[in-house]
Amino acid sequence: MAKGKFERTKPHVNVGTIGHVDHGKTTLTAAITTVLSNKFGGEARGYDQIDAAPEEKARGITINTSHVEYETETRHYAHVDCPGHADYVKNMITGAAQMDGAILVVSAADGPMPQTREHILLSRQVGVPYIIVFLNKADMVDDAELLELVEMEVRELLSKYDFPGDDTPIVKGSAKLALEGDKGELGEQAILSLAQALDTYIPTPERAVDGAFLMPVEDVFSISGRGTVVTGRIERGVVKVGEEIEIVGIKPTVKTTCTGVEMFRKLLDQGQAGDNVGILLRGTKREDVERGQVLAKPGSINPHTDFTAEVYILSKEEGGRHTPFFNGYRPQFYFRTTDVTGTIDLPADKEMVLPGDNVSMTVKLLAPIAMEEGLRFAIREGGRTVGAGVVAKIIK
């Protein structure tokens with residue numbers, strides 16, 4: 001029975017469970033929804049409902065993901081849980097489910113395992129900013145020293161991948177006990193401690209409208225007597241009539257002024273994140289702007305050609321390549337609205353990449369693109385997507 005109606009007034013935060021197979025991610029997800037729905041309202045979701053993750057497509061890649069929501073006293077959370085390891089890899093690289101923070105589930109009985117490490121590394125590569133740890137199955141460990149040892153191992157592993165291991169909140173508990181209604185320290189109490197850690201350790205994310213203005217250029221028109229109009233959807237920030245903006249990417253950066261904002265054929269004083277607008281630019285010729293560039297607040301973003309990336313290569317079944325590729329492979333990289341050719345440099349220990357693999361690589365583009373760490377892109381060959389990636393580190 002719902003306790004009162006669901007209010008959307010609380011700040012919204014996106015989280016998800018990560019960790020090794022069978023360490024209890026899905027059980028924990030079910031336990032969180034159950035305990036919090038009893039306390040703050042919302043819908044309890046059983047293990048089976050979450051485990052039967054529906055298939056969805058992100059950038060042509062098939063991913064199984066379960067979405068649940070729950071709330072605490074101060075926030076509303078959207079939470080993703082994936083059934084299989086491959087789904088996590090795809091989810092994190094495509095950004096299908098952006099996470100403001102992740103709950104790393106580690107079985108106290110087993111300690112960190114290969115996928116524990118891999119999910120922490122992926123979180124670092126794709127820019128998940130915060131990790132909280134739930135040491136699950138703590139009821140199965142009688143030895144307090146052993147628990148401490150596992151906790152130390154997890155902290156060391158986090159620090160190794162540049163997360164603040166020493167300051168990371170670690171909650172010990174048993175998702176299974178909590179799900180079964182146990183009110184004890186390892187049951188319901190542990191879930192409430194975890195909820196409190198989420199509320200306090202993960203800051204409220206900046207809303208898109210509060211960021212620095214950025215709009216990918218989709219189309220450019222010349223309107224006689226008025227000048228050049230650039231259309232697109234504002235990704236973040238606000239642009240006001242009369243403000244100076246930069247055109248960034250592909251060619252050298254130039255400054256111009258926004259002399260008008262138009263939406264649905266009406267003139268506005270400003271456009272903001274989420275709006276599909278036409279922006280009138282002063283003294284800019286039609287041939288000065290092209291699809292693939294961005295309009296941005298001056299100094300807020302720079303064009304780059306060289307970067308490292310974390311990439312997932314589509315399997316043959318997903319419509320990807322049927323054969324591996326090797327060092328020096330030159331596909332197109334699709335950033336925001338356009339393709340740019342680039343050359344791939346593989347790590348020394350990687351001779352080739354097979355369809356269905358995920359890999360770290362260095363990329364050199366033929367033309368610079370307005371770029372920052374965390375930017376998503378697709379890898380294409382002749383117009384079809386063969387991979388998805390995220391910029392891990394900018395080189396130049």
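Yeah, the Cβs are placed from backbone N, Cα and C, and that goes for glycine too.
According to Swiss-Prot, the protein carries these features:
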DOMAIN    10-206  domain 'tr-type G'
REGION    19-26  region 'G1'
BINDING   19-26, 81-85, 136-139  GTP binding site
BINDING   Thr26  Mg(2+) binding site
REGION    60-64  region 'G2'
REGION    81-84  region 'G3'
REGION    136-139  region 'G4'
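Neighbour list (Lys25 (GTP binding site), Cβ cut-off 8 Å, at least 6 residues apart, same chain): Thr17, Ile18, Gly19, Asp81, Val105. Under DSSP, Gly19 (GTP binding site) is assigned to a strand (E or B) in the three-state scheme.
The DSSP secondary structure for Cys82 (GTP binding site) is coil. The most crowded of the binding-site residues listed here (Cys82, Ala138) is Cys82, judged by how many other CB atoms sit within 10 Å of its own CB. Sequence-distant contacts of the residue listed as 'Mg(2+) binding site', defined as residues of its own chain at least six apart whose C-beta falls under 8 angstroms from its C-beta, comprise Thr17, Tyr47, Ile50, Asp51, Ser66, Asp81, Pro83. Sequence-distant neighbours of His85 (GTP binding site) (same chain, six or more apart, CB under 8 Å from its CB) are Val21, Gln115, Glu118, listed in sequence order.
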